[in-house]
Structure formats: C-alpha cells, structure tokens
Amino acid sequence: MEATKSSKQNCCNPVKKPGPVSIDHVLLALRETREERDLRIRSLFSFFDSENVGYLDCAQIEKGLCALQIPSGYKYAKELFRVCDANRDGRVDYHEFRRYMDDKELELYRIFQAIDVEHNGCISPEGLWDSLVKAGIEIKDEELARFVEHVDKDNDGIIMFEEWRDFLLLYPHEATIENIYHHWERVCLVDIGEQAVIPEGISKHIKRSNYFIAGGIAGAASRTATAPLDRLKVLLQIQKTDARIREAIKLIWKQGGVRGFFRGNGLNIVKVAPESAIKFYAYELFKNAIGENMGEDKADIGTTVRLFAGGMAGAVAQASIYPLDLVKTRLQTYTSQAGVAVPRLGTLTKDILVHEGPRAFYKGLFPSLLGIIPYAGIDLAAYETLKDLSRTYILQDAEPGPLVQLGCGTISGALGATCVYPLQVVRTRMQAERARTSMSGVFRRTISEEGYRALYKGLLPNLLKVVPAASITYMVYEAMKKSLELD
C-alpha cells in the first residue's frame, strides 16, 4: 500500500479540482493544445471515414471498431452511431462526431475526478477500489490488478486521464462507475469461445442476482415454448415399438388435450434457477481449486482446464437437481387409464419414495453424467470451428456478431446433443422404469430387442427444439438485461 502511495505521489501530475468542468480542464489534464485536440479528433473521424465520403454510417463505425480490435464492436457500433447521429438523418457528419467527442471527454473527466478524490490528477488502484466498493461492487485484488493493467498502458501502476479517456472514449453508454466496470468485465473477461460450457462475466458484480433473474426468465420462456417438443421426445424415447410422431401426438392429445403437451413443464421451469446457480458457483470453485493446484491464476487457465471445470460443475448441478428431473420424466410418461387422472406432484413423489426407495430418485444419473464432458467437448470444438469459418468466409476477418454467434452455438449444440443422444435415451428409460436396471442392461436390451436405431428415438423433436429454444432464450435474455439495466 505504501509503495503504491509513493508511486502515486511521484508519478501523478497534481491538478486542482475545478468548479464547473470545461474543455479547458480536459486540455490541461491531457497536456494538449486546442489545435492538437482538433487534429486528434479530425484524425479519428478520418480513420472511421476510410472511404473519404465526409460522413459515417453504422457499417463504417463497426468496421472501425473491429479494426481497433474493440470487442462487442458489432453491438457498440449501432449504439455509438445512434448517440452520435443527433439529427437522426442516418449519417454522422464531422460536427456531430465532434459534439459527441466533446460531451464524452467532459463526462469522462467528471468521473475521473470523482474517483481521484485526492485530486492528484491520476487514479490509483486504491482510489479505484474505493469507488467500486462505494458503488456496491465486490472485486478481488487480482481482478482489480487486471482492471488497472488493462487501462494503464505505460505500466506505471496508476491511470492517467489520457489512458482513462482512451479506454472509454468510444463507449456509447453513460460513464458511471458501474457501467465502466461492467464494460471492462465484458471486454476483458467474456470470451464466448472458451465459455461454451458456462458463460462468464457475472463475477462479483452488484447486479449478479439480476443476471440470474434474466437467465431464469429466459430459460423459463424457452422451456415453456418448446415444452410440447420435449414431451413428444420423452414419449418417443420410451416406446418399445416403432416410434411414430403422429401416434405420439394423438396419444398426448387424447390424454390431456392442449395441457397434455405441457405436462411436467412446471418442474422443468423450477429447475432453471437452482441448476444455473449451482453450476455457476461450482464452476468458480473448480476454477479456483485447479488454478491453485497448478500455481496459476484462474483467469490464466487454458481451454481444456475450463472445459473440465465446466464439465465438473455441470455434473454437480445435474446431481443436485436430478430428483426433480426424474419426477418430471415420470409425470411426462405417466399413462392415464380408464379415466384416471394424472397424480399430483406430491402424490407421485411419495409413491416413488414408498415403493422404490430414495435411490430411485437417482435412476439414470450415471449415463446423464457420462454425457456431460463429451457433449461439452464436441460443442466447444464445433463452436470454435464454425466461428473461425464464419470469420474467414462470411465476415472477411471481422468479429462475429450476436446472430452469427447464436447460429454457431445452435449448430454446435445440436451436433453435441446428437453425439451423446443414446445416453439420453438410456437415461430416460431408466428414469421411467419402476424396476431397478443398470445402464449396461438397458443398453443391451434396447439394442437386442429394437436395434441400434432405437438409441435415436425422439431425436427429431429434440433437434427441432434447438433453434427455437436458443433463439427465444437469447431474445428474452437480451430484453431482460435491458429491463434490469444490465447493459
């Protein structure tokens, strides 16, 4: 601490705290003349206006952000364009661009001063930490060090206003300490390619619970929308005869009408929040434990280790909520006879406990866990390959936008699910049967009595779920993030 304070006193250029902030204060902090600033802004405009047309459109801004290697350029381009285009004529001329630069630099200087409470003309790690804590953001020492290191371009341990400005100049949102931290978190921590198993970026933020709310609502919406396909898939998986989709649909309708297609969906929704929470926290614990064992920071562990940590976290989450999954399957596969109503959840759960014992709630758990690592590995490898192909052949080396990433994730997820689908069929059959059976026994009996094709019963409705589920989850999640002010 003392070393940092000494460094701060030696390296910072003290600046008196002014009253109302003006461009003159910005020039003083940057040690820049008006002419030099004009030239700098004009040069930046020309950089974006690479075709010398005299104005900027959204495509030019997006191209410029990609050239500057700014992550999320596809998204910020639209938002930056909207903020700059003051007269809403669909183009940004130099005067509009200049007005944005003036407003943004003044805004950044104000918050720079708010963090620099000692008015030394620089931000120290301690000052930044104090501001984050006051904003309700928990941050570990190593995260703070990475934050400072990312912004501190000359590596002197402190952040000058020029470095602060460069980091945030093209950030189109209001520069509050919460937004700035969230921006850094996304820029530096989120890597969709390496997070195919569990996405990161929720670290120790004050609004962490809101991410779970957004994810929970998105998951509930997508599961409800695809519930009929899920019920159809489960019924086809347990069929001993040739599984025909039309007959299965008729059976569902006969037994429950429209509501029959949504049987078990309530439990499916209930699983979302605890499964996501357990998976996230287990992932963080496994990353920390593996990083400590390898003598590395958890942020520096490689893709393979992340894949393993994600798989282990998925296994823990799956095992924790597995009884709910088994009861859901029993509800979905229950056949009403002679007008007998489907039993209530409590009655069905009690019946399983009394007649089959507590172990029955974990029937099929082993094949379920067995498929996690292969699925994650195939999903990750396919995702990375598809993203690279899209970058090379479709986007001309630009970074994939959210829709391209969604498409890559959808295809890779479908491929991974198909490869481990036989394990899913075996799991469902073990869950649905009252008799105690082993995984190998179900495999052998299925193949000998029905052939290898039986291991893929219900695959079509399972694949048909993928696109709408991914699309609905993405759209609802993005909408919820805006509603909860997470963006």
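All residue numbers here begin at 1 and follow the chain in the order shown.
Every residue, even glycine, has its Cβ placed from backbone N, Cα and C.
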Sharing a topological domain in Swiss-Prot means sharing a membrane side, so do K387 and M480 qualify?
yes
Identity of the Ca(2+) 2-site residue among E143, E163 (reference: D152, D154, D156, source: Swiss-Prot):
E163
Three-state secondary structure, E96 (Ca(2+) 1 binding site) (per DSSP):
helix
Beyond the flanks of the domain 'EF-hand 2' (72-107) by 6 or more, those residues with Cβ under 8 Å of it:
21-23, 26, 41-42, 44-45, 48, 54-58, 61-62, 65-66, 165, 168-175, 186-187, 399-402
What stretch of 364-383, 406-423, 458-477 shows the most Cβ pairs under 8 Å to the transmembrane segment (212-229)?
458-477
Mean pLDDT over the domain 'EF-hand 4' (139-174): what is the value?
86
Six or more residues out from either end of the transmembrane segment (311-324), which same-chain residues have a Cβ under 8 Å from its Cβ atoms?
197-198, 267, 270-271, 274-276, 278-280, 282-283, 285-286, 361-362, 365, 368-369, 372-373, 376
By DSSP assignment, list the helix, strand and coil residue numbers for the repeat 'Solcar 3' (400-483), in that order.
72 helix, 0 strand, 12 coil
